[in-house]
Amino acid sequence: MGRFSVRSVLLGLVAPVGALVFAALVCALILALTGNPPLDTVDAMATAAQRPRTLVNSLNSATQYYLAAVAVAIGFKMKLFNIGVDGQYRLAAMLSAALAGAAFMDGVPPFLRVAMTIVAAMLVGAAWSGLAALLKVTRGVSEVISTIMLNAIATYLVSYLLNPARLAENVPGSNNIGTRPITEGGQVPGIDYPGSTSKIFGLVFLAVLVGVVYWFVLSRTRFGFELKATGLSESAAVASGVSVQKMVVWSMLLSGAVAGLVGMPQLLGSSHSYSLDFPPGLGFIGIAVALLGRNHPVGMAVAALLWGFLDNAANALDVSGVPREIVLIMQGVIVLSVVVAYELVRRYRVRAEQRDVGRALGRTKTLEEVSA
Amino acid sequence: MRGVRLTAGLVALGLGLAACGSDTAAPGGGPGTPAASSIKLGLAYDIGGRGDQSFNDSAARGLDKAEAEFGIDIKELEAAAGETDAQKEDRLRQLAEGGYNTIIAVGFAYAPALKKAAADYPDVKFALIDSEDAQGPNIANLVFAEQEGSFLVGVAAALKSQTGNVGFVGGVNTPLIQKFEVGYTAGVKAVKPDATVQVKYLTQPPDFTGFNDPAKGETAAKGMFDAGADVVYAAAGGSGNGVFKAAKANGRLGIGVDSDQYNLPALADVRDVIITSMVKEVDVAVYDFVTSVKNDKFTAGSHVYDLKAGGIGYATSGGKIDDIQGKIDEYKAKIVAGEIKVPAQK
Amino acid sequence: MSTESAAGGDPAPAVELSGITKRFPGVVANSDVDITVRAGTVHALVGENGAGKSTLMKILYGMQRPDDGTIAVAGEPVSFASPADAIRAGIGMVHQHFMLADNLTVLENVVLGSEPRAGVRLDFAAARARVREISDAYGLGVEPDRLVDDLGVGERQRVEILKVLYRGARTLILDEPTAVLVPQEVDELFGNLRDLKAEGLTILFISHKLDEVLAVADDITVMRRGTTVASVSPREVTARKLAELMVGSALPVPELRESTVTDRPVLAASGLTVTSADGRKVLDDVSFTIHAGEVLGIAGVEGNGQAELVEALMGIRVPSAGSVHLAGADITRLSTKRRREAGMGYIPEDRHRQGVLLEASLWENRVLGHQTRKPNARGPLLDRRGAKADTQRIVEQYDVRTPGIDVHAAALSGGNQQKLIVGREMSGNPVVLIAAHPTRGVDVGAQAAIWEHIRRARAERLAVLLISADLDELIGMSDTLAVILRGRLVADHDPSTVTPEQLGSAMTGAGRES
């Protein structure tokens, strides 16, 4: 069996690596066509990669992207498209920020306070995705549609709640508005990294934990098996006694709960308040990272780090005169080409395996052998 | 959204290459005391950057003026949608590390980042536009009393309105734009206490497309005209274009924002409906700041631009409010004298 | 063979296929196929269902491209990207299912797609003349101006043939042409074929009806498991010999040995009714009891409620009335999972949709449907080691031909997938086995093995429900036979006395004793 596994590892790497190389070539071409020497870009990226602050920021971005990707991947594993991770984490971050920042929380012991914040965020995220699950199992509404709608509703809801009359207060002397800042006891301290003014999010460990749990649940539990089976073939899952409706509800709830975590590293580690400049759009980055990492716990981690690095190298590109938009182009091309590459590799793999099986079992008898 | 970002990126790439190409990177050379001849100016834009037809462009005009006049070394960097404070901080630090000793951060979103970065570069002079949230010995806070200017155009709207029904189109529902709305409403009511003010925001944060979506602006304004309004104030950045288009199509009037929009080439088609504009001179503030650093007259702390100090006002280009200018100036005098206190919040 | 004909001065073969290989996921449809069709002959291609005949003909007609191999027409190597290419090379296909527009005339149908033009106008007069000419030349007796709607099956078939000839075909492929014909029509068709041959045309005749083949063909090629296994002359073989070539061994016969039926009821349905979304009763008041050691066969034309019956029994579909009892306990409200845990094994009708996860490994497919039970699970956790070990056992005991248990199910042939399913469903001490079309689309070897496993299940006192379209299988493998028609069980037959013909007429409602 060794032959199979070595090849499958190689095949697993061919698609993402090929997509990266292809994306790099496309970007080099675009840069060259627009009069920017591609080597300058490589140089600027290399410089960025040596700056501790960029590395720390990349890791911090990756932490959030990874959580978002896991949230998306839970759905992807059973062919559910939770486009609503974005709205789920924003609403969750806003409400849990309001809770964590509330005056009565100042007296709560730090650990409990952080735990309450995180649990609240997971509950809000799960509740919001749960609405989409409910609509799907009771009314057959496609989760793609409903989660997109729920994103818009979350935006309005957050806008409504982010008001001095409700859960927010004006930031003095600023045009910003946010929830009451979380005092020190409710924050998660960062980890110093030599040479960097930024600290590593303390909740980077939460992301690691989520990744481990994700891996364990999917590959080692009955629930994970049923999830995967439903994704591979709903009809086969039904015939095997899997309640697809139950799986839809559970996977959406879990996806939403993990989505609720997406905003936590930033909220508890850096912003300490949900305000107008709280980073939006992480849910959509999560979709790209999940695609790139093929829903694999390690693959998504690598993809998240890559994505985080690209995002954080953009400033360095900008400073050295390379248009920062090249990062967006690169990310876009990577996602497009990786999707195509995965499909090509998948087809190749199916054929190769059939060939192998055929070879292993011997060919069907030839005419001469039969007549003999 | 990613697709939009990508498309936007491509477009921006196409449009912005010339500008980027002309940048001269100047690595090395630590920050020193800015002498008149050695100002190196770094500018960090808010999302949208140069070319947003609004806030960022206004800052860019001040920058261009300073560059033309003083011939200084300039680096412009732009924010990406969805970025964190850490990334904004990194941007400011990269400028400081790159030897830029005068750094302007455009937009309140930079406050937390600037607070952290400025402390580590005491010799670099920072300016923060639209926020007093980050204070420090090397930070100048450039803030505006948008409500006062909005009050005056509110007065103009009320005086020009036949129906006693006017409108307000805000780009994005943020406290900043709410300041415009509150001042405008107060101005309208000061003239006609029983007038109706229709209010509509095009998008909710974190969706900031409301500043750059003329189609939405047009729809919103058309709705207001249909409901009886005859003057609409567009505090919506690039979306104002749509508001004016609707005004022209319906034979009604519009009021511009931020700069004297009657004179903007991009709005030449619809300028005849723009009776006035609320002018917020970010460019003046930027230029003043650079001048102060150049002349070694930098002062930290708040620099408030209001009707009294200048930097806020209303435009008269086109002569459409010549008949009521006297009235408006009466209100202006009262505000300057402190007789009228214009509210900034609902 | 071709060298011999060349030496004999014969014309080049009309069609020569060599080394044709075509793979689909899960199946190798054609593997290294070689056929030489002499010009001016009727060449029969025989083989069981699923032997790869249709795929091969689709390749020859340009509907599919081979992964490997070459095609030569009249000695010239060709490559067809579409049927249009094949037609241009003089190859025409008469499909089993006619492709005629009912509301057009024969003439219109014939010219459809290759309309005769005189300038911009359609020149029907010329076309009509040509259709008459062809019809007379080959004795087809087709009247150009009749409406297709008014024609009988045999006449429609002749229109199809004429259509192909009109397009200039010199080689005709007839895919199971007799399947739709009554015996008199078959004779007429054969007459036509001889006429065509006499005019120098070449016929490739696909069939699995051996008597017909022996009656009409000049050469016979036998296909089995996707490849050509023999090329024989009808004068040298008997139908029996041909059949054995087709299946590759002495024919397996579906039959049961001594009765094992007990009087202990295991699975009972009473008044089972399933209503479709539009309110129609797709299963209507079905009642039966299967005892331990008994095989109940259900015969019926497909779509008469068999699928709904199985789904209602397995808890996949909620019945609108009636109940299901398993060993005396009411399981009508139990979920599919609980029913499976209670010992109901299930071989689904559609292997690829319901039976396996094509893109999962064999051991994961072993877990499927048994994910809550030993040796696959320990509490909420998956027991990977246990599942793998047990998969290995199934692979060995049930003769699943695979290089290992980590390959995807898609890599196996249909028969081997089915053997894995049977092995899985026989695991965990089942008390009931519901087998829907268990041997559909599998090769003869697998068929015999699956029959043997069903016999063993019966011997182990399982209650077996067997649903099949293969009447020989049903008659041979059942202790009791029922016929399902429009959702109702309409007749019981004794499998030891009933003939396929009687069963067939009961299935269509024709032979229903009132």
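Each residue, glycine too, has its Cβ placed from N, Cα and C.
Those TrEMBL annotations? Automatic predictions, nothing curated.
Listed as Cβ neighbours of the transmembrane segment (A:9-35) (distance under 8 Å, sequence separation of 6 or more from its ends, same chain) are residues 41, 292, 294, 299, 302-303, 306, 322-323, 326, 329-330, 333-334, 337-338, 340-342, 344-345, 348-349. Under the heading transmembrane segment, TrEMBL lists A:9-35 (among others).
Here the transmembrane segment (A:55-76) has long-range neighbours at 49, 82, 85, 88-89, 125, 143, 193, 196, 198-201, 203-204, 206-207, 210-211, 214, 227, 231, 251-252, 254-256, 258-259, 261-266, 269-270, 279, 282-283, 285-287, 289-290, 293, 295, 297, 300-301, 303-305, 307-309, 311-313, meaning same-chain residues at least 6 beyond its ends whose C-beta is under 8 angstroms from one of its own. Marked as transmembrane segment by TrEMBL: A:55-76 (among others).
Within the same chain, residues 68, 71, 82, 113-114, 116-118, 120-122, 124-125, 128-129, 150, 154-155, 157-158, 161-162, 167-168, 178-183, 186, 256, 259-264, 266-268, 272-274, 278, 280, 282-283 sit at least 6 positions outside the transmembrane segment (A:88-105) and bring their C-beta atoms closer than 8 Å to a C-beta of that stretch. Summarising the annotation, TrEMBL assigns transmembrane segment to A:88-105 (among others).
Only residues 6 or more beyond the boundaries of the transmembrane segment (A:111-135), in the same chain, are considered here, and those with a CB under 8 A from a CB of the stretch are 71, 82, 84, 87-89, 91-93, 95-97, 99-100, 105, 141, 143, 146-147, 150, 154, 182, 185-188, 206, 248-249, 252-261, 263-264, 267-268. According to TrEMBL, the transmembrane segment annotation covers A:111-135 (among others).
The transmembrane segment feature in TrEMBL is assigned to A:144-162 (among others). Counting residues 6+ beyond its ends, the transmembrane segment (A:144-162) has Cβ neighbours under 8 Å at 81-84, 86-88, 90-91, 94-95, 98, 128-129, 131-132, 135-136, 168, 177-179, 274-276, 283 in the same chain.
Beyond the transmembrane segment (A:200-218), the same-chain residues lying 6 or more positions past its ends with a Cβ under 8 Å from any Cβ of the stretch are 56, 59-60, 63, 66-67, 70, 73-74, 77, 118, 188-193, 224, 227-228, 258, 261, 264-266, 268-270, 297-298, 300-301. According to TrEMBL, the transmembrane segment annotation covers A:200-218 (among others).
What TrEMBL records for A:248-268 (among others) is transmembrane segment.
If you look up TrEMBL, you'll see A:326-345 (among others) marked as transmembrane segment. Packing against the transmembrane segment (A:326-345) from elsewhere in the chain are residues 11, 14-16, 18-20, 22-24, 26-27, 30-31, 36, 41, 288, 291-292, 294, 307, 310-311, 313-314, 317: each is 6 or more residues past its ends and has a CB under 8 Å from a CB in it.
Proximity of distant same-chain residues to the transmembrane segment (A:248-268), defined by a Cβ-Cβ separation under 8 Å and at least 6 residues beyond the stretch ends, is recorded for 60, 63-64, 67-68, 70-72, 74-75, 77-78, 80, 82, 84-85, 88-90, 92-93, 96-97, 100, 114, 117-118, 121-130, 132-134, 136-137, 143, 182, 186-188, 201-204, 206-207, 210, 214, 223, 227, 274, 278-279, 282-283, 286.
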